[in-house]
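**Q** Just passing along the structure, written as structure tokens.
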């Protein structure tokens, strides 16, 4: 493949992710959280299988598009499903597992790629992905449907059975909204505001689910919509994918003998730092963790830019590691936890679709403009390539300020 063809093949995954996110609310509300999980697994199994057996470009593109659709759907339903079934005391810690699982998957795949990324064996990585998705489908009967979704559809006996399987007692059967109530304070900040919102949620328990156009147009959804959107923009416009993309080039200069292991090393750092919020998120709170994460990421971006512009490769290399670590403790996992916590029950699926769709769009745009923007700002001077990271630092500062501006206190 030439560069243009390879770029199309790479970017079509993002297109699939956007399509999956846009349609996720329909799938989740019609077939339930369990049905959406299994639909994501089925599409992933088919898409990865297509790529594994492809002999020409079209099935490879189709397969990659399908895996993107599966990822978009899975990223929407995962945080919502986890929030609705997790015990209240560990809701934040369990919610972080979405991002943690993503990091684990990347790390395992990269480790496999060290040995299998050859012209003869690369298909084994994709077959492994397809087999893992098939295993999830086979495990489908063991998945418990969300009591909150069953309650909304009037399936009270099924809801009671699911609650007993999940919590071993009936204490939560009459409170399917329990997943959102205790987590509201650190996000919206005002006791009286959170109390009124929780009362409204209990009153809205049996309201029909709203769709994406209604979420975008109705006034009562403006604040949760803004929180979800700004949190997603903080995540992607931090430039994390651009930093990771550029890290190989920078760290290979500092460590020329271990170039192939650079990406794996960064992912390992990401793995350990993403594990930290599992223990910290419910102790420190969402806002404090985001503040620490954003501060560290902004300082690191400035240091990467300064290191590149001044020829201090060691500084730039260290700053990349601190950026990944800072991103992993807050900006990476916390937005996935926030979506179901700030969303009214009847709008959680639609808000998730809007937020994750915006996430995919921002991801695509960063990948699209990073290199042209770097070249434009540096004007062809290799000693000015760090300027682009100042832009990401400014964007992250702005959207973090806007996000925190929605909180009181």
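Including glycine, each Cβ sits where the backbone N, Cα and C put it.
Okay, so TrEMBL annotates it like this:
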{"type": "DOMAIN", "residues": "1-409", "note": "domain 'Major facilitator superfamily (MFS) profile'"}
{"type": "TRANSMEM", "residues": "6-28", "note": "transmembrane segment"}
{"type": "TRANSMEM", "residues": "35-55", "note": "transmembrane segment"}
{"type": "TRANSMEM", "residues": "61-82", "note": "transmembrane segment"}
{"type": "TRANSMEM", "residues": "94-112", "note": "transmembrane segment"}
{"type": "TRANSMEM", "residues": "124-144", "note": "transmembrane segment"}
{"type": "TRANSMEM", "residues": "225-246", "note": "transmembrane segment"}
{"type": "TRANSMEM", "residues": "258-280", "note": "transmembrane segment"}
{"type": "TRANSMEM", "residues": "289-308", "note": "transmembrane segment"}
{"type": "TRANSMEM", "residues": "314-338", "note": "transmembrane segment"}
{"type": "TRANSMEM", "residues": "350-373", "note": "transmembrane segment"}
{"type": "TRANSMEM", "residues": "388-407", "note": "transmembrane segment"}
**Q** Counting only residues 6+ away from its ends, which parts of the chain sit with a Cβ under 8 Å from the transmembrane segment (258-280)?
**A** 93, 96-97, 99-100, 103-104, 106-107, 110-111, 114, 244, 247-248, 251-252, 289, 320-321, 324-325, 327-330, 332-334
**Q** Summarise the model confidence on the domain 'Major facilitator superfamily (MFS) profile' (1-409) as a single mean pLDDT, whole number.
**A** 83
**Q** Given the cut-off of 8 Å on Cβ pairs that are 6 or more apart in sequence, determine whether the transmembrane segment (35-55) and the transmembrane segment (124-144) share at least 3 such pairs.
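**A** Answer yes, regions in contact.
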**Q** Go through the chain and flag residues at least 6 beyond the ends of the transmembrane segment (94-112) whose CB is under 8 A from any CB in it; none is fine as an answer.
**A** 75, 78-79, 82-83, 86, 124-125, 128-129, 263-264, 267-268, 270-271, 274-275, 277-278, 281, 328, 332-334, 336-337, 340-341
**Q** Output the single range from 61-82, 124-144, 225-246, 314-338 maximising the number of Cβ pairs under 8 Å to the transmembrane segment (388-407).
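**A** Maximum Cβ contact count belongs to 225-246.
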